[in-house]
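According to Swiss-Prot, the protein carries these features:
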- Gly213, Pro214, Pro215, Gly216, Thr217, Gly218, Lys219, Thr220: ATP binding site (BINDING)
Amino acid sequence: MEVSFSAPPPPDAASAAAAAPSLVPAVSAAAVAATTVSCSPQPPTGSPSADDRILVSVEVLLHATSTARAEDVCAAVERMLEARSLSYVDGPVPIPNDDPFLLANVKRIQICDTDEWTENHKVLLFWQVRPVVHVFQLSEDGPGEEPGEDDTLSSFNEWALPAKEFDGLWESLLYEVGLKQRLLRYAASALLFTEKGVDPCLVSWNRIVLLHGPPGTGKTSLCKALAQKLSIRFKSRYSMCQLIEVNAHSLFSKWFSESGKLVAKLFQKIQEMVEEESNLVFVLIDEVESLAAARQAAISGSEPSDSIRVVNALLTQMDKLKSWPNVIILTTSNITTAIDIAFVDRADIKAYVGPPTLQARYEILRSCLQELLRVGILTHTQGGNSLCLLSYFSLMENQHCPEVADPHGSVHLSGLLHKAAEICEGLSGRTLRKLPFLAHASVANPSCCDASAFLHALIQTAQRELSESRG
């Protein structure tokens, strides 16, 4: 099985051509020349064999109107990659103008999974890599609701994956290094163990993920993005992928003992979906503590006794789903201590999602400013060149260079952004993405906002937001 793991964005082929290519020239002059000429790559003596090469995912998004076979597109992309002696870096790959087949059918080509190497300042050269191409189209159907009984709240929302609503969500989420890769690898291992027929009596795994942490850290978004990413990676194995977002509040009845029955009915519908072997189903239970409230609290009298039946029904139904190989349960919680210990014990991965680190805060704010520059809300040109804010690692490497003295240079402006990120310690990712809007609203002349003035306003806004959050 060829499974690889992920990273970054781009909206379409046009922006991909304008963006920095994710396949960048190798360090040598010969490799630089190779970027403009198709050639047969010649790996150096002693290069790794095919089995030892690093798997790197290449995600290929087709146009909504494309009717090309995935196999044909995959072969065309592989030929395109083989014809170029390049190093691999996360990001968009420009579609060659001399390939009418790809131009007509492909909206975007994206290199993924190299972030762990770039974090360690390593370069992946073409002869070290084995690309794994994933071809997909986005569903534009939107969410569907499963109506509850007697005009009550719908019991769940359903998405066909990969969905247009979640496109780019994975790349926009920034956490400590390794968290997203860990979740991807877990899911790949869980499906592999099932596919190979590993005896669950000897090796136990439940295909249950629990993300916990304070509100606003992106736990629910990460679950949706993970389901989207896995639906792309396993598209060749499962012809259909679905995300079922459970509305936990709809499962509580005003009638005594009815709540447990509602949980059983919901999971019966989910079981009908997973009975189709070609269907991969992700079940998302947000704020699972509302369902899995501790039975001990109910026994002590601080929780209604009906909650015992709800917890028992939830655990029983989850155990039933374990026998089906094509379902993964994703759960989130803001209050881990309120969850029944029997539920926590069933989760294979219990990952804490805390407030973003300094690096994550910087990259979140940088992505916001890049978007404002892209649409023209912020303006900045120095010497005819548009502003290019440095990545976190590039800034760390260049913070003592002479260009820091230039108040309009990229290094100086990136330093101001870094100062804002330092001030924002303790703020959630949700709050961080609001700051650029609040900063723009505080600028004296918002219709013509210079990047330098905006960054100073952003620092003031961050200080004000932090003081307000601390009371």
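Keep in mind that glycine also has a Cβ here, set from the backbone N, Cα and C atoms.
Recorded features from Swiss-Prot, shown on the structure.
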residue : record           : contacts (Cβ under 8 Å, 6+ apart)
Gly213  : ATP binding site : Lys219, Asn334, Tyr352, Val353, Gly354
Pro214  : ATP binding site : Asn334, Gly354, Pro355, Ser428
Pro215  : ATP binding site : Asn334, Ser428, Arg430
Gly216  : ATP binding site : Ser428, Gly429, Arg430, Thr431
Thr217  : ATP binding site : Val353, Gly354, Pro355, Pro356, Ser428, Gly429, Arg430
Gly218  : ATP binding site : Leu173, Tyr175, Val353, Gly429, Arg430
Thr220  : ATP binding site : Leu284, Asp286, Thr332
Excluding Gly213, Pro214, Pro215, Gly216, Thr217, Gly218, Lys219, Thr220, which residues of the same chain place their Cβ within 8 Å of the centroid of the Cβ atoms of the recorded ATP site?
Thr332, Asn334, Val353, Ser428, Gly429, Arg430
